[in-house]
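Per Swiss-Prot, the features are as follows:
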ACT_SITE  TYR63  active site, proton donor
BINDING   HIS130  substrate binding site
BINDING   SER209, PRO210, LEU211, GLY212, ARG213, GLY214, PHE215, PHE216, ALA217, SER218, GLY219  NADP(+) binding site
Amino acid sequence: MAESCRVRRIKLGSQGLEVSAQGLGCMGLTGHYGASKPETEAIALIHHAIHSGVTFLDTSDMYGPETNEILLGKALKDGVREKVELATKFGISYAEGNREIKGDPAYVRAACEASLKRLDVTCIDLYYQHRIDTRVPIEITMGELKKLIEEGKIKYIGLSEASASTIRRAHTVHPITAVQLEWSLWTRDVEEEIVPTCRELGIGIVSYSPLGRGFFASGPKLVENLDNNDFRKALPRFQQENLDHNKILYEKVSAMSEKKGCTPAQLALAWVHHQGDDVCPIPGTTKIENLNQNIRALSVKLTPEEMSELETIAQPESVKGERYMATVPTFKNSDTPPLSSWNAV
């Protein structure tokens, strides 16, 4: 049964970063999943999370774009900044309305300076490359990030949606503290190569969309209530031809959660937590009650037999549809050219 609990602390990676064992993904507070939440309500939710022990806050310069960081900046005033571990990201540019993945040194530096200004902070705790620029050797991008650490603008470096080979190459330039990847009961392809690579190198794992973008919270009926500007409407797994298949997975998880005395969302989150103390899920929400429910997932204990049952339920064939549309870059197409090919412009 899921009970109220204290949010424990974990070491993320092996460079000294300590975070709450569950974070808060802030993307949905300023759109993407429908309309933005009113600013006062969004700030109240962030403050409630921090007061509850969820101090690891995740944002990005492309959420909004930019408005999410501005919101966080307002929420962190009056001494709140010192209570949190702040993570943001760079690498997806929307200049002139066109999306472009960028990782050249000049862009890395400009993006960091802009994020510092929007967040109204002097240093970012964890700075991720949101998507990998496959035109720029990862060593070049990492070199500029290393300089930002030396200058005190960021404390730790992270990668998001990076392949195992890209992670290895990046790690030779400067230790990677965390890799952010989608990991949930319906997204498990990272278990084959990326998770073992992170563990070999002492890199923490941050799981985004641990509830399957809300699927394990609401099930297939979620689709009926999506706003027209909710980007999930375009995702393959939420298309009706795939949803009819995917709802079977939800029904099995729901039945198991009922026996367990928790919600399907809590069971799905507990499964991620049980992957190890080097894993930190960052579920997002716009409702305080859902935030409280997510925190209670930390109290759900799963036996080895229950973990095995869940993993049997959540085999790859139980999920139909890709994670993203074909145009969205992921770790599967994130390898970069060799360093020897680089000629700075």
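Placed from the backbone N, Cα and C atoms, the Cβ positions cover glycine too.
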Proximal but sequence-remote residues of the same chain as LEU211 (NADP(+) binding site) (Cβ under 8 Å, at least 6 apart):
SER184, ALA217, ALA265, ALA268, LEU269, PRO283
To the nearest Å, how far is the Cα of the residue listed as 'active site, proton donor' from the Cα of PHE215 (NADP(+) binding site)?
21
Measure from the CA atom of HIS130 (substrate binding site) to the CA atom of ARG213 (NADP(+) binding site) and give the result in Å, rounded to a whole number.
18
Fewest other Cβ atoms within 10 Å: which of the binding-site residues HIS130, ARG213 wins that one? Let me know.
HIS130
Near-site residues: NADP(+), ref SER209, PRO210, LEU211, GLY212, ARG213, GLY214, PHE215, PHE216, ALA217, SER218, GLY219, CB cutoff 8 A to centroid:
SER184, LEU222, ALA265, ALA268
Roughly how many angstrom lie between the C-alpha atoms of SER209 (NADP(+) binding site) and the residue listed as 'substrate binding site'?
15
Please list, in sequence order, the residues in the chain of PHE215 (NADP(+) binding site) that are at least six apart in sequence and whose C-beta is under 8 Å away from its C-beta.
TRP186, LEU222, ARG237, PHE238, ASN246, TYR250
Determine the Cβ neighbour count for SER209 (NADP(+) binding site): the number of other Cβ atoms within 10 Å of its Cβ.
22
Output the one of TYR63, ALA217 that, of all these recorded positions, has the highest number of other Cβ atoms within 10 Å of its Cβ.
TYR63
Integer Cα-Cα distance in angstrom, GLY219 (NADP(+) binding site) to the residue listed as 'substrate binding site':
28
